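Among the features that TrEMBL reports, transmembrane segment is placed at 23-47, 59-82, 88-116, 137-160, 193-221, 233-253. TrEMBL lists 39-260 with the feature domain 'G-protein coupled receptors family 1 profile'.
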Amino acid sequence: MELENLYKNMTEEDWTTLITYKFVSFTLTNTASLMFLVINGIIIHTLSSQRVFIETPRYMLLLNLVVADSIVLFTGQFLYILGNFVILSYPLCGVFIMVTYMCSQISPLTLTVMSIERYIAVCFPFRHTNIVNVRNTVIAILSVWGVGCVDIFIQILLLLEFPFHLLPSLQMKTYCISTALLIGRWSKVYNSWYTIMLFLLSGLVITMSFIGVMIVAFSASTDKVSADKARNTLLLHIFQLSLNLIATMWRLIVNSVVLY
């Protein structure tokens, strides 16, 4: 009803401006997303088609990271396209949002595991193959997804506290965005604190791994080439985590503006 009242009060000039803006935004967003999805698809195909990559812990973690990012990008873009045509119901929106929520956590958690792997490779080179093997890497990946599943389970329980049966309809009044499902007080509190703790913990582990590698790099007995590569990799992880954090905070800010 809110959207209908807004559209009724729009002039012809407003309609022209809105349609032009939506067309340009729709085209640019979909083009950029398609480009990144194609790039990610190539990376996924390359990593999954070569036996040497599948059996190398470092590339197994990279594959997990790219797959999770691709799912987030695809579901987000799908909701964006869908939002231009229909308003979803709460249950259907909830499915998409929960999948996006879960996969969006995989990136910082996987980056954390990858940083630990690089730290072990440089600081404990003789024990690296024993600690970082295929079996332990699979356990780490399953643990990362397990953390995401537990978080989603908690969010669903908090979401079910809302009296949906009192609503005249399960049809949403706004677009299907993440904060549209944060309709309970405890849901908002939990989501905010969990996001803060997730990025603080990830940032702390990656930073400590970087410091540890730098200390070893200045040691006379270490392999300088290996230490430099690990340092550059950890710097990249810090940069990736920063981008992930910016994207998360930007999404929360934009969604809050749209809702309120």
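Any Cβ shown, glycine's included, is placed from N, Cα and C.
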Winner by Cβ pairs under 8 Å against the transmembrane segment (137-160), considering only 23-47, 59-82, 88-116: 88-116
Residue numbers, six or more beyond the limits of the transmembrane segment (59-82), whose CB comes under 8 Å of its CB atoms: 26, 29-30, 33, 36-37, 40-41, 43-44, 47-48, 53, 88, 93, 96, 99-100, 103-104, 106-107, 110-111, 113-114, 117, 134, 137-138, 140-141, 144, 175-177
Outside the transmembrane segment (23-47), six or more residues from its ends: residues with CB under 8 Å to it: 53-54, 59, 62-63, 66-67, 69-70, 73-74, 76-77, 80-81, 84
